[in-house]
Amino acid sequence: MPKRQDISKILVIGSGPIVIGQAAEFDYSGTQAALSLKEEGYHVILVNSNPATIMTDAEIADKVYIEPLSIDFIERILRKERPDAILPTLGGQTGLNMAKDLSEAGILDELNIELLGTKLSAIEEAEDREEFKALMERLNEPIPESIIATTLEESLNFADTHGYPVIVRPAYTLGGTGGGIAQTHEELSEITANGLELSPVTQVLIERSIAGYKEIEFEVMRDANDNALVVASMENFDPVGIHTGDSIVTAPVQTLSDREVQMMRDAALKIIRALKIEGGVNIQMALDPDSYKYYIIEVNPRVSRSSALASKATGYPIAKMAAKIAVGLTLDEIINPVTGTTKAEFEPALDYVVFKIPRWPFDKFSTADRRLGTQMKATGEVMAIGRNMEEAMLKAVRSLEIGAIGLDDITYKDLSDDELLAALMPARDDRLFMIADLLRRGVSIETIHDKTLINEFFLDKVLHVIEIEQDLASHVGDIDQLQYAKKNGFADETIAKIWGKTAADIRTLRKDKKIKPVYKMVDTVAAEFESATPYYYATYEQENESIISTKKSVLVLGSGPIRIGQGVEFDYATVHAVKAIQRAGYEAIIMNSNPETVSTDFSISDKLYFEPLTLEDVLNVIDLENPVGVVVQFGGQTAINLAQPLLDNGVNILGTSVEDLNRAEDREAFDQVIKELALPQPVGKTATTVDCALAAAQSIGYPVLIRPSYVLGGRAMEIVSSDDELQDYMQRAVKVSNDHPVLIDSYLVGQEAEVDVLSDGETAVIPGIMEHIERAGVHSGDSMSVYPPQYLSQKVQDEMVQASINLAKAMNTIGLMNVQFVIHENTAYVIEVNPRASRTVPFISKVTHLPLAQLATRVMLGEKLSEMGFETGLVPNDDMVHVKAPIFSFTKLPDVDSLLGPEMKSTGEVMGSDINLSKALYKAFIASNIKVPRYGNVLFTVADDDKEEALELAKRFNDLGFALFATAGTGAYLSDNDLPVEVLDKISESDNNAVAALRQQKVQVVINTTQADDRAESDGRLIRNAAIENAVPLFTALDTVSAFLEVLESRSFTVKEMH
């Protein structure tokens, strides 16, 4: 069936900001889809609210809108552009829900716009719990006994009849939001109430728990001619009961018999055909480990996180194929781009094992609940490929960047065998290390299986790793043992630790004995057909399949898994660097370990090495490829941390020299630069002991900002106000400082602002100044940011520009640099310099139309900015106003305090742009899913230090017609200042309290601040949690409230009596 000629203009809906449950995989799928449709000659319009994405680059679509993903704004775009069709299945749950809402609002029918790929009826049959249940019953496919509940009573009645535990799954939500496993009446009441609140259709599925069954996933494709194929089968290491996004996953399936695979494969194909989906579907199933009994758990009628994993695991580009199928092409017409010869109807075959481990944010959030269940908590993931499972597993472990190179790097010496065994359930993020430690102690596989229900096959693989550790220990220096350990994924560093040597010693020994990796191709056909995919993984075998080009090459290091502080912004910069390298005539090589990202799409670079970003793995690729240089500036702290060790091994680092990179991070060296340039800087000192830190803080004067050096995302950064707080911090945080000292600065109260600088050592270009809305003390990644600045004086702007130019020259910056300032008493103080691409690069690149990462790469390759037409100084401002706003995932991490501070907590960002600040702010709030009410009740509960400022804000709310609620202390202050206010009781005193008011939907906005020494105060924390749980806008910084009021005031009319 040829592609459709009756449509020409297609709108692709993106997935919005990165949140837990919906991350970079949708930038990858959306980018693939838009390019795929353009390739077929269609006019593509793309809408997304997230500026840190490749898909929102000008060249990806014919027209790009960075606008809120709300009905109101999408409708405006549809009326303006009049597309023939919408492709909603590549924008995650956001895109799917938007298609449903547009249809129900009658907009699609009115404008005669059709949905491509998946019909609305199929979306509803898969997403609506009642329709899904009815469909499975019609197909005679088994699902766990369940009911659809729309009330708490229905939920409790089901559990009374069927017994506990039961699983709660809300309809139309993302990453298991609002769901969970309930063991008791009380747990079920709480989870159901939360699930009904978070489901947009107020509907939850209550089902009998089948926790403990094997969890299997199939990625399936179908076209309009009813051709269908299974792209990948995947098996979760963890049994049913842990969200698949939090599960360790292997591909292909490992423990199923051929009969079981065929039985479940047939069911998957039957389901996609019954739903009549044209494109890709993810089907999750549960298999009884002791019989052939299985259940269908869930069907995702869209490209998903698992689709991205399956695409990277097999090399089969699911999103690209889904886009072509959506416009009428069939699988037997589409060429598989991997082989270039076979058709897309061939099912991929794997001659390797893939191992995925999620990346959780618990290193950032020490208070978070590390137990895993049906609600996803991971921010990202890593994938590794090996010839056996042990190899893939250990490569994945060292890709995580959690301080573990092997399974022996995290141990539990403080716990007895019984205590450690008990800690295995409920499962935690570190269960793989717990299992390894138990096996190391001699606890049997059977005992661990009985406790966890993890299949014995997987446990046996972990045991094999432990046995190799023990064999290495008893055969120190044995070359055969070394070779065998390398074949099974052991890092040089692990072997060195066991043998009492250094990793460099092991590397030298390996090279002497010709023990080195070869690189195998990921080709979708298990080497059965000729293939030319430039996509490789390392293994210790004989034949090397990576052919070295005669062209000069440049290696770009990616940023590894997505985590808080190091998000998709760095992948954006990596992809742009590759484009610039290719345009300069070099071969561009990417090395990365993240299956979700655009950078690990094999069509982006000339060569892709899907490998861990460790010194050993990077050096192995360099040994083979011999690039002219390595780019570390775009891979966040991951790549920067490799710069010095690579240089020590004779590798050429492109751009700013390693010596200058280190100068920016070394406090004393950096202070020297600041002194030489005579730049204002907060008083600061360095401390290496607790006593030293106390003396420093006392001499500077409290409050002080304290942090370890060499850190990303403000990890372990705090504002402390007393000796006691400082001592507490030093005990908790010095451990994370990597033998680097702790930095202590005077905490200056004032507004923050920042610039990115592009420099070639002679010319320093500043594309724009970004002014933060929140004052210093809130991490820059968690602040709302405005370009061009609206309130900074010209004097301050001039100071920032001149200081940044001087710093770029003094630091010999070749490429990018980020400088952060605090504006105190109308003077710009330098507070931080990052000698690399920062997380603001995509935002400032979009709003100034300057591809900063590409320009920086050209500079690193020797071009001069003057030759490109640039001169030193600030680029003229844009005539629009742009606001970057942070996005948080607190609903997924209920134990993490939502109070903002110097430690970064946001997972993503959105952008709002318009002709003035209030309109841009409005868009940013809407894109952030912050409701902007026209009227209602505002709850104030603020610290004593903030009461005077809060009074002015309360007056503004009152003038707009909002009613004021407050807790006792704040209420008394507002009342004493003649404002009408309803005072609420303490939570422990009566039911007339703030938490009850939130649960009863009586409050539309919450404003809560605390004293620096009162972070753990009980009522404030409970109020913040209640606001998050009930989706009520919560503000913990008064500057954000003022911006919010600016929006409310701009959208309202004033009514005043004349007499």
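Counting begins at 1 with the first residue displayed.
Placement of Cβ uses the backbone N, Cα and C atoms for every residue, glycine included.
Taking a C-beta cut-off of under 8 Å and a sequence gap of six or more, Glu298 (Mg(2+) 1 binding site) has these contacts in its own chain: Arg169, Ile283, Gln284. Annotation source Swiss-Prot lists ATP 1 binding site at Arg129, Arg169, Gly175, Gly176, Arg208, Ile210, Glu215, Gly241, Ile242, His243, Gln284, Glu298.
According to Swiss-Prot, the feature Mg(2+) 1 binding site maps to Gln284, Glu298.
Following the DSSP three-state reduction, the secondary structure of Glu298 (Mg(2+) 1 binding site) is strand. Annotation comment: Swiss-Prot describes Gln284, Glu298 as Mn(2+) 1 binding site, evidence class sequence analysis.
Here Swiss-Prot flags Glu298, Asn300 as Mn(2+) 2 binding site, drawing on sequence analysis.
The Mg(2+) 2 binding site annotation in Swiss-Prot covers Glu298, Asn300, and the record cites sequence analysis as its basis.
In sequence order, Leu705, Ile719, Tyr747, Val749, Gly901, Pro902 constitute the residues six or more apart from Gly777 (ATP 2 binding site) in its chain with CB-CB distances below 8 Å. The ATP 2 binding site annotation in Swiss-Prot covers Arg707, Ser746, Leu748, Glu752, Gly777, Val778, His779, Ser780, Gln820, Glu832.
Here Swiss-Prot flags Gln820, Glu832 as Mg(2+) 3 binding site. Note: Gln820 (ATP 2 binding site) has non-local neighbours Glu752, Ala753, Glu754, Ser780, Val830, Ile831, Glu832, Val833, Asn834, i.e. same-chain residues 6+ apart with C-beta under 8 A of its own C-beta. According to DSSP, Gln820 (ATP 2 binding site) sits within a strand segment.
DSSP gives Glu832 (Mg(2+) 3 binding site) a strand state. If you look up Swiss-Prot, you'll see Gln820, Glu832 marked as Mn(2+) 3 binding site, on the strength of sequence analysis.
Taken from Swiss-Prot, the feature Mn(2+) 4 binding site covers Glu832, Asn834, and the record attributes it to sequence analysis.
Summarising the environment of Glu832 (Mg(2+) 3 binding site), the number of other Cβ atoms within 10 Å of its Cβ, over all protein chains shown, is 18. Summarising the annotation, Swiss-Prot assigns Mg(2+) 4 binding site to Glu832, Asn834 and lists sequence analysis as the type of evidence.
Per Swiss-Prot, the feature domain 'ATP-grasp 1' maps to 133-327; the stated evidence is sequence analysis.
Confidence in the domain 'ATP-grasp 2' (671-861), given as mean pLDDT, stands at 90. Annotated domain 'ATP-grasp 2' per Swiss-Prot: 671-861, in sequence order.
Look at Swiss-Prot and you will find 930-1059 tagged as domain 'MGS-like', backed by sequence analysis.
Feature annotation from Swiss-Prot assigns region 'Carboxyphosphate synthetic domain' to 1-401.
Each residue of the region 'Oligomerization domain' (402-546) gets a DSSP state, and the totals for helix, strand and coil are 71 helix, 11 strand, 63 coil. Taken from Swiss-Prot, the feature region 'Oligomerization domain' applies to 402-546.
Swiss-Prot lists 547-929 with the feature region 'Carbamoyl phosphate synthetic domain', giving sequence analysis as the kind of evidence.
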Quick note, Arg129 (ATP 1 binding site) and Arg707 (ATP 2 binding site): C-alpha atoms separated, nearest Å, by 48
DSSP helix, strand and coil counts for the region 'Allosteric domain' (930-1059)?
56 helix, 21 strand, 53 coil
Work out how many Å separate Asn300 (Mn(2+) 2 binding site) and Glu215 (ATP 1 binding site) at their Cα atoms, rounded off.
15
Nearest to Arg208 (ATP 1 binding site) by Cα, among Arg707, Leu748, His779 (binding-site residues)?
His779
Secondary-structure category, per DSSP, in which Arg129 (ATP 1 binding site) falls:
helix
Least buried of the binding-site residues Arg129, Arg208, His779, going by other Cβ atoms within 10 Å?
Arg208
Rounded to the nearest Å, what's the C-alpha distance separating Glu215 (ATP 1 binding site) and His779 (ATP 2 binding site)? Just drop the number here, would you?
39
Which one is it: of the binding-site residues Ile242, Leu748, which Cβ has the fewest other Cβ atoms within 10 Å in this structure?
Leu748
Measuring Cα to Cα, how far is Leu748 (ATP 2 binding site) from Ile242 (ATP 1 binding site) in Å?
45
For Ile242 (ATP 1 binding site) and Arg707 (ATP 2 binding site), what Cα-Cα distance in Å is obtained after rounding to a whole number?
35
